[in-house]
There are 2 protein chains.
Amino acid sequence: MTEDSEALGEFDRIARFFAPLAKDAPGAFGLTDDAAALPPLAEGQEWVVTVDALVSAVHFLPDDPPELVARKALRVNLSDLAAMGAVPYGYTLALALPKDMAEPQRWLAAFSRGLAADQAEFGIHLLGGDSVSTPGPVTLSITAFGRGPRDGVLRRSGAAPGQDVWVSGTIGDGALGLRVAQGLLSGRFADLADRYRLPAPRVTLGPRLAGLATAALDVSDGLVQDAGHIATHSGCRLVIEAPLVPISASVADLVSDDPDLFAEVLTGGDDYELLFTAAPEAADAIEAAGREAGVSVTRIGRVQSGAGVEVLDHHGAPLDGLTARGWRHF
Amino acid sequence: MTEDSEALGEFDRIARFFAPLAKDAPGAFGLTDDAAALPPLAEGQEWVVTVDALVSAVHFLPDDPPELVARKALRVNLSDLAAMGAVPYGYTLALALPKDMAEPQRWLAAFSRGLAADQAEFGIHLLGGDSVSTPGPVTLSITAFGRGPRDGVLRRSGAAPGQDVWVSGTIGDGALGLRVAQGLLSGRFADLADRYRLPAPRVTLGPRLAGLATAALDVSDGLVQDAGHIATHSGCRLVIEAPLVPISASVADLVSDDPDLFAEVLTGGDDYELLFTAAPEAADAIEAAGREAGVSVTRIGRVQSGAGVEVLDHHGAPLDGLTARGWRHF
């Protein structure tokens, strides 16, 4: 059923837009073969693999610039690799474009420019792909490959009572940035909208946490819910002190105008920061890892026996409202 | 933008339908983490990776049984691995289901049964996935991983003048099977429709051809066009003797009733047989590989200097009509 004139377009598209993205990965064979080969690993490494799918009008807006769609799609995958402590190497791409798309060449040119920009920024390569047409919206799926420490990748399941809870960067920029992008908050905070559109995966920090962090993930669903994932899979309780949660100057401005937004900071998604736990003795090494990676790291709480997540205000009282907002699977 | 009630469904869906498919792959971590780890390779192996996307109403029919959709999606990827000489190990899955799908649980139950059936048949595992909703049609993308010989995977580029052209199994069942499935040919040939719906990737033959074949691919676009891919990437000419092309008894019946169908046999797609080239001295070893794999192998032509593909009839005269039908990118 794929035997139509569109197939001619596929060979051209691959040669023009995608083969240049694969030229520096010897095992991609210029995208001319049925599959790609991953290079040999150094001693003590293993391949780490993650996949994310994005659909237009669900995960991005139909009129979002294709460059940004490409870069965000890559970055959410790189964030997953970072959360496992892996150094990104490359990715495969499955792309479905609407049959009736206006100017698909222009869209593809911009999309592949976005991929090229982030390939250069993160030192990764396109390894293979499939390009098809769809009667539906633009849909893309990226499978990303990284090199992690053999038998030592970071998991969600290693947190234990007595350990500290840490987070990288600042929290809430993604969630409030989405509101700015939607025109629901002042355009003065365009920096937050940019942060929402183009997250910064913590690829330099994640690999440095291998051997230090006991559990880790990237904050994509929201700080409170993602803390819940660690609690669930580690079989313990995470206590977060809200006043310790790091926020940017723009988020601080917005929250001081409308304190109700703070709940959104703690439960909104799309931060792509690393949330992790570690023994108290690792604190100095974690601070050093953050300095080397050029990413701030902040201790925001502790692990206790029990289950679930508790968020405490500056009096040490539980912020109960959050569980109703951020909580989905308890 | 993924912060909606659908997300609750995602955790449940993963636990119910997909985690059981990952239980025998230790590095999949039960699908609870951000990424999966691939196991260490034996000496002399390398990872081979391929990706295919399928869209409802483009690559399969909306009312095709979900079991078959799942199995065909896996098999086209396994066929790519076989063409590279790799032994399949596992796959990641990105699945977009329509928001307004009637009975998604029933669809998912059937779809995951199909995956489970082929996991058992081919000894592979689900390693990771992403499940999202879409305003469009069912869309899935599979990235499959196999273990191939290090620096020795089969490519399209190694054919040279003086070598033989071989094909596995029989040709044309897929193309005529599609016509049977569409009701355009007699229902007496349901075996062909089954072959179209559920191709048999040559996973036992492909790895045995590593070191014997000089170039290989799987026949998905049609024998003549795929021979053209080898010709292009090897910089030579492939001559195929039409009377040598192996066909099944059902295809022979159909062609004897309507000789015009023979062009469709040679140029139609979806065979998923292996087309490969080899030095004449390798012939005995190739026959032995076919016997060990339980797959017939047939010499159908030779490689010459020059370019493109020539198909000869039983008089040795060129079958010119084929180039107009099967030819797309010369």
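Heads up, the Cβ atoms here are built off N, Cα and C, so glycines get one too.
Over in TrEMBL, the protein carries these features:
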{"type": "DOMAIN", "residues": "B:33-147", "note": "domain 'PurM-like N-terminal'"}
{"type": "BINDING", "residues": "B:D34, B:D80, B:D218", "note": "Mg(2+) 3 binding site"}
{"type": "BINDING", "residues": "B:D34, B:T50, B:D80", "note": "Mg(2+) 4 binding site"}
{"type": "BINDING", "residues": "B:D52, B:D80", "note": "Mg(2+) 2 binding site"}
{"type": "BINDING", "residues": "B:D52, B:D130", "note": "Mg(2+) 1 binding site"}
{"type": "BINDING", "residues": "B:H59, B:D270, B:W327", "note": "substrate binding site"}
{"type": "DOMAIN", "residues": "B:161-311", "note": "domain 'PurM-like C-terminal'"}
{"type": "BINDING", "residues": "B:D221", "note": "Mg(2+) 5 binding site"}
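Distance noted between the C-alpha atoms of B:D52 (Mg(2+) 2 binding site) and B:D80 (Mg(2+) 3 binding site) is 9 Å.
When the Cα atoms are compared, B:D221 (Mg(2+) 5 binding site) and B:T50 (Mg(2+) 4 binding site) turn out to be 17 Å apart.
With respect to their backbone Cα atoms, B:T50 (Mg(2+) 4 binding site) and B:D270 (substrate binding site) stand 17 Å from each other. Note on proximity: among B:H59, B:D130, B:D270, the binding-site residues of the record, the Cα nearest B:D34 (Mg(2+) 3 binding site) is that of B:D130.
DSSP assigns B:D52 (Mg(2+) 2 binding site) to a strand segment in the three-state reduction. On the backbone, the CA of B:D218 (Mg(2+) 3 binding site) and the CA of B:D130 (Mg(2+) 1 binding site) stand 28 Å apart.
If you take the Cα of B:D130 (Mg(2+) 1 binding site) and the Cα of B:D80 (Mg(2+) 3 binding site), they are about 22 angstrom apart, rounded to a whole number. There are 23 other Cβ atoms within 10 Å of the Cβ belonging to B:D221 (Mg(2+) 5 binding site). In terms of DSSP secondary structure, the domain 'PurM-like N-terminal' (B:33-147) contains 37 helix, 46 strand, 32 coil.
Across the fold, the C-alpha of B:D270 (substrate binding site) and the C-alpha of B:D80 (Mg(2+) 3 binding site) stand 12 Å from each other.
A sphere of 10 angstroms centred on the C-beta of B:T50 (Mg(2+) 4 binding site) encloses 29 other C-beta atoms. B:H59 (substrate binding site) has a Cβ environment of 21 other Cβ atoms inside 10 Å. Summed and averaged per residue, pLDDT over the domain 'PurM-like C-terminal' (B:161-311) gives 95.
The C-beta environment of B:D80 (Mg(2+) 3 binding site), restricted to residues of the same chain at least 6 apart in sequence and closer than 8 Å, consists of B:T50, B:D52, B:A144, B:D218.
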